[in-house]
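Quick notes on the structure that follows.
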Amino acid sequence: MANKLRTGAMTRAGGKWACGLLALLLSGGVAQAQDLSLENARISLLPGDMPGAGYFSLQNDGAEDVTLVGAQSDAFENTEIHMSMEKDGMASMHAVPEIDIAAGQRFEFAPKGYHLMFMHRAAPLEVGDDVEVVLHFADGQQLPATFEVVSPTAMH
Amino acid sequence: MLKWLSPIILSALLAGCEDPNWHTSDISDIMPDLDLSLVDENGEQVEEDAYTGKTTLLYFGYTHCPDVCPTSLARMTAAIKKLDESARDDIQVLFVSVDPERDTPARLRQYTDVFGPQFIGLTGNTEQLDELTNRYRVSYGYGDKDANGNYDVSHSSGIFVFNAQGDARLLMRNSDPIPSMVSDLKRLMARG
Ligand SMILES: [Cu+2]
């Protein structure tokens with residue numbers, strides 16, 4: 001009888017502990033996602049199947065540094081992190097595997113610098129449309145964001 | 001005394017060499033007049049005489065460039081919009097693609113339409129492109145193809161500006177603010 005009771009109490013305590021851990025993990029996850037935020041997210045889109053450029057301002061309000069390792073959108077077959085460079089009057093662009101954003105820092109994806117290169121749209125898009133994009137980080141975090149489609153003439 | 005005077009003398013000398021009223025770079029003495037043989041966005045073979053009579057901006061790029069090229073063209077669009085309405089018919093932008101493998105005339109037309117009626121797409125074979133880029137002492141190059149067949153193209157980033165007679169006059173860089181471009185375009189269109 002006493003044994004049974006104890007077991008029951010143990011189980012309840014164990015259940016509580018598991019729930020607490022789950023709650024901790026969940027709140028931890030939520031808090032982490034809230035530490036990262038995107039502002040002014042937009043895609044400058046060219047006509048037809050020409051690639052688009054994604055620009056935004058990424059703020060890391062967390063206590064930890066994060067590393068952006070990629071982005072994905074169902075609206076495009078391929079999304080890469082790119083960087084444009086200008087040197088001695090020559091412009092070039094290349095893929096960038098990852099970008100570190102230190103705790104408390106803001107990182108700008110802006111014209112003539114870092115951009116997400118969106119290639120091969122899955123369906124036609126128009127200026128004013130919203131595109132869902134998920135940013136991926138090295139620690140497994142994912143940051144979903146809505147990008148607005150804008151005309152390239154709005155970027156200067 | 002001489003030590004602090006010399007910078008003043010130097011700047012006075014420099015001011016004498018460079019017209020202080022231009023905001024962008026004067027290339028009148030160092031670049032040749034407009035001379036080209038290319039294919040336009042309608043698939044027609046064209047030469048420079050097709051473009052005389054208007055102030056001409058010449059820019060090298062490619063349509064698979066989502067960042068630098070559209071941003072540069074958007075700056076030109078913004079500058080042209082700042083001109084008097086009547087003047088906007090007297091200016092044209094030649095967008096020369098150095099990526100003829102992907103940039104067909106039809107694709108160039110679709111691309112330039114985004115930026116305004118002043119924009120004309122051009123391209124050519126390697127020989128024609130080399131002749132033009134060598135003439136203005138710029139270059140271009142291709143990166144390796146990735147798994148999807150995409151490749152990056154390096155190209156010059158400046159805008160060469162010619163007067164209505166096709167004489168080289170100015171070089172506008174990405175670092176030149178739009179009001180400087182507008183001011184110089186107005187001055188060039190007024191005086192040639
Ligand atoms: Cu890119």
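Even glycines carry a Cβ here, placed using N, Cα and C.
Checking B:C17, B:C65 against TrEMBL, the residue bonded to B:C69 by a disulphide is B:C65. Using a 10 Å radius centred on the Cβ of B:C69 (Cu cation binding site) and all shown protein chains, the other Cβ atoms total 26.
Within the same chain, residues at least six positions away from B:H155 (Cu cation binding site) with a Cβ under 8 Å of its Cβ are B:F60, B:G61, B:Y62, B:C65, B:C69, B:V98, B:V138, B:Y140. Every protein chain considered, the tally of other Cβ atoms within 10 Å of the Cβ of B:C65 (Cu cation binding site) stands at 26.
When secondary structure is read from DSSP and collapsed to three states, B:H155 (Cu cation binding site) falls in the strand class.
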